[in-house]
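Chemist: Here it is, the structure in full.
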Amino acid sequence: MSKKRDFKRIVLKLSGEALAGEQGYGINPVTVEEIAKEIAALAKSTDLEIAIVVGGGNLWRGLAGSNKGMDRATADYMGMLATVMNSLALQDALEQAGVDTRVQTAIVMQEIAEPYIRRRAIRHLEKKRIVIFGAGLGKPYFSTDTTAALRAAEIEADAILMAKKFADGVYDSDPKINPEAKKFEELTYMDVISRELKVMDATSTTLCKDNDIPIVVFSMDIPGNITRAAMGEDVGTIVRGEK
Ligand code: UDP
C-alpha cells in the first residue's frame, strides 16, 4: 500500500460514455446529475481545484465508429462539437448542485462559453470555480485524452484522474476476455508505452511522461470513487515516472 497522495489541482477526465447512463449513448440527465453531485460535494468539502475534460464518444466519435467514409478532419470537428454539448450538460448539472463553473472552449463560440485562455482558467480555479474544457484541443487528429494531458501540463495540475466506465484499473490483458487478467496497482509511463496498455492514447501518455503528470485510472461505476481518487486514496492503477 503506497501512502496517500496529496493533490491540490486535478484534471478529471470523463469519457463521453460516462454521461450516457444505461442506454450507452446520448446524454442521460439523471446520470449527469449523479456525477455532478459527487463532484460538487468534493469541491465544496475540500480545497481541491478541479478542472474537467469530457469526451464526446456518447454522441459522436471521429476516428472509430461514427465516421464511415467521411473526411477525417470533418468527423473530428463533429467530435469536438459533441464534447461541447457534454460540457454544457455537465456545467448545468454542476451549477444546479451549487458550485460555480466556467466552460472554456478551444474553438471560439463566445455566445455559449469563454474561449480557452490559460491564465484565466488558472484564475477561475484559484477562485474555486470548476473549469470544464470543451472542444478538445480544437484540432483534428487529437483526442480528449490529449486534451487532458496538455491542459494538465498547462495549468500545472498534480494529476489526471481517468474515470473509466466498465474498468477499475489497468490490466495486463482484457479482463472481460481473460479471467486470469492481472490488475496493476502501479505502472511507469514506459510500462504503458512499451506494453501498449490501454490507459490513454500513446500521444497523451508521452505528454504525461514528458511533463511528469501522474495518471490515476479508476472505475466510476462505484459511487464515491471520484472522491476517493481525488483524495489520493489507492483506487485502480496509478501511472507515473517511478514505482
Ligand atoms: N476530437 C478531436 N480533437 C480533440 C479532441 C477531440 O478531433 O482535440 C474529436 C475526435 O474525433 C474524438 C471525438 O472528438 O473521437 C470525441 O472525443 P473522444 O473520442 O476523445 O471522447 P471519449 O472517447 O472520451 O468519449
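Cβ atoms here come from the backbone N, Cα and C positions, even for glycine.
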Chemist: Which of these ranges is annotated region 'Involved in allosteric activation by GTP' in TrEMBL: 3-8, 21-26?
Modeler: 21-26
Chemist: Where TrEMBL shows Asp76, Leu137, Gly138, Lys139, Pro140, Tyr141, Phe142, Ser143, Thr144 binding UMP, which of Gly56, Gly98 is named for the same site?
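Modeler: My reading of TrEMBL gives Gly56 as the candidate in that site.
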Chemist: Which bits of the chain, at least 6 residues beyond where the region 'Involved in allosteric activation by GTP' (21-26) starts or stops, bring a Cβ under 8 A of a Cβ in it?
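Modeler: Contacts with the region 'Involved in allosteric activation by GTP' (21-26): 58-59.
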Chemist: Identify which of the following binding-site residues, namely Leu14, Gly56, Gly57, place a Cβ less than 6 Å away from any atom of ligand 1, and list them by sequence position.
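Modeler: Result: Gly56, Gly57.
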Chemist: Cα-Cα separation of Ser143 (UMP binding site) and Arg61 (ATP binding site), in Å?
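Modeler: Between the Cα atoms of Ser143 (UMP binding site) and Arg61 (ATP binding site), the distance comes to 10 Å.
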Chemist: Over the span of the region 'Involved in allosteric activation by GTP' (21-26), count residues by DSSP class, listing helix, strand and coil in order.
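Modeler: Counting residues by DSSP class gives 3 helix, 0 strand, 3 coil.
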Chemist: Using C-alpha atoms, which one of the binding-site residues Gly56, Lys139, Tyr141 comes nearest to Gly16 (ATP binding site)?
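Modeler: Out of the listed candidates, the nearest Cα belongs to Gly56.
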Chemist: Using a Cβ cut-off under 8 Å and a sequence separation of 6 or more, which residues in the same chain sit near Lys13 (ATP binding site)?
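Modeler: In sequence order, the residues whose Cβ lies under 8 Å from that of Lys13 (ATP binding site) (at least 6 apart) are Ile52, Val53, Val54, Gly55, Thr144, Asp145, Ala148, Ile160, Leu161, Met162, Ala163, Met200.
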